[in-house]
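Asker: Pulled the feature table from TrEMBL, pasting it below:
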- 104-138: repeat 'PPR' (REPEAT)
- 174-204: repeat 'PPR' (REPEAT)
- 205-239: repeat 'PPR' (REPEAT)
- 306-340: repeat 'PPR' (REPEAT)
- 407-441: repeat 'PPR' (REPEAT)
- 477-507: repeat 'PPR' (REPEAT)
- 508-542: repeat 'PPR' (REPEAT)
- 723-814: domain 'DYW' (DOMAIN)
Amino acid sequence: MCTQYITLRPAPIPNITNQNTKKRPTTGPLYQRIFIPSHVYRHPSAVLLELCTSLKELHQILPLVIKNGFYDEHFFQTKLISLFCKFSSISEAARVFETVEQKLDVLYHTMLKGYAKNSALRDALKFFGRMRFDEVSPVVYDFTYLLQLCGDSLDLTRGREVHGMVITNGFQSNLFAMTAVVNLYAKCRQVEDAYKMFERMPQRDLVSWNTVVAGFAQNGLARRAVQLVLQMQEAGQKPDSITLVTVLPALADVKALRIGKSVHGYAFRAGFESKINVWTAMLDMYFKCRSVKNARLVFKGMSSRNVVSWNTMINGFEQNGESEEAFAMFLKMLVEGVDPTNVSMMGALHACANLGDLERGRFVHRLLEEKKLGSDVSVMNSLISMYSKCKRVDIAASLFGNLKQKTIVTWNAMILGYAQNGCINEALNLFCEMQFHDIKPDSFTLVSVVTALADLSVTRQAKWIHGLTIRTLMDKNVFVCTALVDTYAKCGAIQTARNLFDMMEERHVITWNAMIDGYGTHGYGKNALDLFDDMQKGSVKPNEITFLSVIAACSHSGLVEEGLYYFESMKEIYGLRPSMDHYGAMVDLLGRAGRLDEAWKFIQDMPVKPGISVLGAMLGACKIHKNVELGEKVADELFELDPDEGGYHVLLANMYASASMWEKVARVRTAMEKKGIKKTPGCSLVELRNEVHTFYSGSTNHPQSKRIYAYLDTLGDEIKAAGYVPDSNSIHDVEEDVKEQLVSSHSERLAIAFGLLNTSRGTTIHIRKNLRVCGDCHEATKYISLVTGREIIVRDLRRFHHFKNGSCSCRDYW
């Protein structure tokens, strides 16, 4: 075949010369880069259009083509319409179509394809109706385009109508048409109908098999999809890479690791080593099946990798809680010269967020700016979340404020950021601003707001947001309802939480966890265990958080043997690996019950080095039971891990104080002063008429301070008369009356007095405290509930105390 080149200039049409030895130019203006194989030279207009790679180039060439008189050629008109459709300019394609006086059928078919690819289903069907009106006979591809669009639009009704036209036009046995019909029903989640259509096909090729396999796989029927792959092989069709890439994600979703390994073996035997998409899907499957080791081996054995493979590794490690590995993989990717994408950056930012590593987060932020990837709103959302989780909500707020384009995800990230950092008012204000801008909240927005209100522990606010979820028709959303259950429990309304839990039509594992944890923190350990038994009888499997909540509930209620049993069943029956939090809960369970030797032996026998939470629980138990010798040993190990943790220094000092070892108390406090460690001041909150009042120990800056302190004096006399005896053993070197005064001015006492003074008889007082309630305040509050006839609910750092008629729900076991 003779290869011909021409050099185009605006006019006239140049002569053709044979230049077989001349290479095709690859640079310069478009008209100097034209290469025409001889079999298309007879259509010079088409030559110009074949070279266009964008709408801009098409607009540049179009005037030259019109000037040279090619516009009236049918071949040109069809090609021009096709290119406008290809470049998503359906309006310009329609203008060209309407100017053609004598429209050939091929022009209609090309135009319909353009509508199907670039317009709404309504417009494509309207044009198809025009075709029929103009008496244009449809071809099979017209129906495949329409069926594809119906499937993408999830419009089953219109799809059935098009299917009917396929039959009436005699294409019910056509391979391409019926494959499109199968695809339609599969995408509209009518997989059984899709399978019926597939079975009626007189002939099937690899594409039709892959279509029905994808239908079952993408509708969550992974095992049926695998069965079809086996049938496919029995029918003589060999699965290709597309088959495997279709099946593997479905297996990942249902955690079918064993079948996934079989697919892995088939891929190896079938010689798909060079198919990056297959091995990337394999990586994803192993990660989602929690088989990180196998994912590492697959990645290591890949002969070639692309950026998607690297991103899968980064996100896979992150999803499996291995944030350090995820960030290390991100760095390795950079070292190997692979340019990161937005997905890579988001994976790295999520790793930094979960690690709480601000320095590495800032490194990724700088890299974003260097690579000019910071304009993507999804990346900015991840950046806002990272700074929020790294306790720099101020930087997150600055980024949010400077963003010109904000999605609902952006607002959600910032609201949740405020909530996670204790900025409750800011979270609520931003939520109100969001509504002011007519941005409709979604389920994640409401979950974020509910999370903020849970920290506030105000029942009135919980009822307000509950009402909003009903008005926005999200009261059936499992995640919103779960957050409400958690919020009501944290507001002290444990029965309301249970009522809502019982009304839920769907319950996720986190729903059960929230209710079990709610019972546990309120001291209702038996209720928590009964609920856990109900969970085990159902279809929802308990996870690591479930067992943590169960063991904690046992700890709060003194159910030691039950806690030991569930810890063992977690490992033996459910195959779950205990985390450091589980070990800490077990030490707390044993230590709180006074079984200090067992708790210490448990720590010594741990398969991992005990962390701060474990040793902290042990030190707390030593303080409760006044075992100074063991407490000192624990403290030494604890301060090796974190020498600057103020809370544990205070706990050690309190342990010495309870044993009247004042010299050692002074030594600890001196060490704290030298290190610059400050004791966290006690703070209590009480809500009154939609306003939250904050009290600190010994504070006098509240407008009602004089009245509060005067009432506390009167109340003190009343509770003493009822049998209360002050416990001021933790205070040294001051007179006894001063000791009593110091103890009586603790923040929770001030908050309780304020609540009693400003509410009517019978009103329950709700108090939130940032630290554990001290022994004397706990005893005093019992007597206050007795002499005032009020119920007082106190939520401290660890649990709830319901004081009523002189007793506490914890039964003094706390």
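Glycine too: its Cβ is placed from the backbone N, Cα and C atoms.
Walk me through where these features lie, including what they touch and how far apart they are.
Answerer: Secondary structure of the repeat 'PPR' (104-138), assigned with DSSP and counted as helix (H, G, I), strand (E, B) and coil, comes to 27 helix, 0 strand, 8 coil.
Tertiary proximity for the repeat 'PPR' (174-204) is limited to same-chain residues at least six positions away from its ends with a CB under 8 Å from its CB atoms, namely 140-141, 143-144, 147-148, 150-152, 154-156, 159, 162-163, 166, 211-212, 214-216, 218-219, 221, 224, 235, 237.
Under 8 Å from some Cβ of the repeat 'PPR' (205-239) lie the Cβ atoms of residues 175, 178-179, 182-183, 185-187, 189, 191, 194-195, 198, 246-247, 249-251, 253-254, 256, 259, 263, 266, 270, all in the same chain and six or more residues away from its ends.
Residues 276-277, 279-280, 283-284, 286-288, 290, 292, 295, 299, 347-348, 350-352, 354-355, 357, 360, 367, 371, 373 of the same chain, all 6+ positions outside the repeat 'PPR' (306-340), place their C-beta atoms under 8 angstroms from a C-beta of that stretch.
Residues in the repeat 'PPR' (407-441) partition by DSSP class (helix H, G, I; strand E, B; coil) as 26 helix, 0 strand, 9 coil.
Note on the repeat 'PPR' (477-507): its mean pLDDT in the predicted model is 92.
Note: the repeat 'PPR' (508-542) comprises 26 helix, 0 strand, 9 coil (DSSP; helix = H, G, I, strand = E, B).
Look at the domain 'DYW' (723-814): DSSP puts its residues at 35 helix, 16 strand, 41 coil.
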Asker: How about long-range neighbours of the repeat 'PPR' (104-138): same chain, 6 or more residues beyond its ends, C-beta under 8 Å?
Answerer: 74, 77-78, 81-82, 84-85, 88, 90, 93-94, 97, 145-146, 148-150, 153, 155, 158, 165, 169
Asker: If you run through the repeat 'PPR' (306-340) with DSSP, how many residues end up as helix, strand and coil?
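Answerer: Counting residues per DSSP class in the repeat 'PPR' (306-340), I get 26 helix, 0 strand, 9 coil.
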